[in-house]
Amino acid sequence: MTATAASGATTTVSNLSTRGLTKVFGGVRAVDGADVTFHEGKINALIGPNGSGKTTFFNCVTGMIKPDSGTVTFKDRDITGKAPHAIAHAGIGRSFQLCRIFPRMSVLDNVLVAVRRTGIRSLLAPARTEAEVTKARQLLVRVGIDHLENAEARDLSYGQQKLLELAGVLMGDPDTIMLDEPAGGVNPSLIGRIGSLVQELNAEGTTFLIVEHNMDLVMSLSHHVIVFDRGRPIAEGTPDIVQSDPRVLEAYLGV
Amino acid sequence: MPNASSTLAAPERAATAATPTDRSRRRKIATVVALIVAAVVVGIFPAAAPNAYILSAGVVILSYACTATSWNFMGGFTGYISLGHAAWFGLGAYGTGILVRDLGLPSFVAWALAGVVVAIITVPIGIAALRVRGASFVIVSIAFVLILLLVFQGWGSFTGGSNGLVVPRPFPDLMRPVHHQVFFYLFAALLAAMLVLWWAINRSRFGIGLKAIREDEDKAEALGIPTRNYKLVAYIISATFTGLAGGMYALWFGDLDPIFQFSILLGSYMVLMALLGGIRHLLGPLVGAIIVGIGLEVFKLQFGDTQFHLVATGLLLALVVLFMPDGIIPALQAGIKRFGPQSSSIREMTAGELAERNRAAGVSGASVFAGRKAEREGVENEDATTPTEEEKR
Ligand SMILES: Nc1ncnc2c1ncn2[C@@H]1O[C@H](COP(=O)(O)OP(=O)(O)OP(=O)(O)O)[C@@H](O)[C@H]1O
Ligand SMILES: [Mg+2]
């Protein structure tokens, strides 16, 4: 179904949406009644000034933070307030703004953590089965750090850690991936690599929601852009439309 | 990344893959050798012990090793530091004693049943205590053992209170030294069972999940690990084995007093021994228990029943945390590696160093389109730029 959504330029299919999502920290309304609909099978970008609530919104959707009110719907199921692992199992994978990996585990083990197994028997079976290790290695090859598989993750450069985090997310076979500033803090050549990886995966049917400040990347990658300001979307549309929207310029530049 | 040590590697294997594989094989061999040595020592110790005192000291050290290893199921795998694990030791000990006294159960049936009782009690306590992390968890664990201490002291009609509880001996007709000998082997068997389980968990899917929790709990959860259940299961295993060690102690020693069974000191010893040996290593707690156990006995012999050993314990704990945070075993491994072939580091630059360097260079984040772009172009030759803001959770 994702394939049809991607091909039909005018039809909008959504598997993930929020209604009235709100999260207040003390007096700060970090997310303030956000109604957001993401386009399935597309690369959706979420942009907005610092502190506009993008990360908090991400955390509410992925269950890391319990929203004060509002709902999150994924594949017609209400997933509001569900535990993050349950949301991950439902098919949403995510990265963190400041890349988070398991620093003192090997690169390979970092990816193997994301293997899904249930049942006591399979949980007590050895972690490194042939099939899973093979899959993890393929993902490391895909992101380009397979030569480091035995290194401790903390010994990787920041850019390599970002790639490792992505490989871990992919290990869970998510159909929707949320990336919080995938290009933040990595060098330009790596930004290109991450961008083409996102495009490849999207072509295979994965929906993306990307928070990003690098406008070149946002405009070249995304099909649909949502602009956040003070905890809620103020504009959305194709990259071109959004770029020329006066409300967006005002939110960003304060003119 | 070819490096010096690859010259040692088997020629048919690629240089990059060979070094770590060989290292892990060498480590495996070292562990097996250590286990065989330990088994031989345990096997001949009772016969070789010159007198009953040395033999009983051996039993004490093995009981320490049991508690430290059981503590490590929680502390080592998940990184949750419980200072109150004596609570489970005391519950296992009193549970065994009371079941023998009141129900007249055979000693080892009572012992096993006490283990079950401890496991059941762990469930609600674990659910409550594991809602908090870090320092809060430490405090909750201490509070729990203090509450139990007061309950067991106050409820004298049931527990014997401060007068203590005498636990009938399981083998009344055995002479003292033989009694010690039997319990030496019983503790060794209990320890062996724990080591096997630790080894199995360590290499399992469950174990990898627990270690991920130790490294970054939120990240583990985001990757799909049901962290709450994982932690609870580790806690139950850890507490139950601590309780079984306590029950065994009760049957061996035969006399229980709340002030000793529910003491924070006992819980602190478990932490010290595990940290000292190395919580990431199968044999870490055992090594720590041998060192601390021998140290305590020597102190008692040298200085009598003073509080001096407390000072020494505190000092040792501080030294370990400051200078050997990973414990003795990894420190030794690193020392041995220094004599071996040098391998060049694969490290280019870690995120921490990067952030440090960029901070020093005064790279700051701008948020508007143009600002971001300019900043990025300005640092084009850098490996990366600093993320502009701390992640807020
Ligand atoms: N855990 C928290 N406690 C208190 N306030 C918070 C917390 N997390 C976020 N905030 C506040 O909520 C607001 C939104 O923050 P958020 O991190 O979601 O913004 P953002 O759009 O991701 O910004 P950036 O682009 O800088 O990453 C900010 O004012 C922030 O200070
Ligand atoms: Mg953010």
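Don't overthink the numbers, they just go from 1 along the chain as shown.
Cβ from N, Cα, C; glycine included.
According to TrEMBL, the features are:
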COMPBIAS  B:7-21  compositional bias 'Low complexity'
REGION    B:1-22  region 'Disordered'
REGION    B:372-393  region 'Disordered'
TRANSMEM  B:29-47  transmembrane segment
TRANSMEM  B:53-73  transmembrane segment
TRANSMEM  B:80-100  transmembrane segment
TRANSMEM  B:106-130  transmembrane segment
TRANSMEM  B:137-158  transmembrane segment
TRANSMEM  B:178-201  transmembrane segment
TRANSMEM  B:232-253  transmembrane segment
TRANSMEM  B:283-302  transmembrane segment
TRANSMEM  B:308-329  transmembrane segment
Interface check, the transmembrane segment (B:80-100) with the transmembrane segment (B:29-47), three or more C-beta pairs under 8 A: no
Segment-segment contact (the transmembrane segment (B:53-73); the transmembrane segment (B:283-302)) at 3 or more Cβ pairs under 8 Å: yes
Remote residues contacting the transmembrane segment (B:106-130) - C-beta distance under 8 A, at least 6 residues beyond either end: 80, 88, 91-92, 95-96, 99-100, 137, 140-141, 144, 168-170, 228, 231-232, 235-236, 239-240, 242-244, 247-248, 251
Cβ contacts under 8 Å made by the transmembrane segment (B:308-329) with residues that lie 6+ beyond its boundaries: 265, 268-269, 271-272, 274-281, 283-284, 287-288, 291-292, 295-296, 299-300
Stretch with greatest number of CB pairs under 8 Å, the transmembrane segment (B:232-253) reference, B:29-47, B:137-158, B:178-201, B:283-302 candidates: B:178-201
Range from B:137-158, B:178-201, B:283-302 with the greatest count of C-beta pairs under 8 A to the transmembrane segment (B:29-47): B:178-201
Within-chain partners of the transmembrane segment (B:137-158) [C-beta distance under 8 Å, separation at least 6 from its ends]: 80-87, 90-91, 94, 98, 125, 128-130, 258-259, 261-264, 267
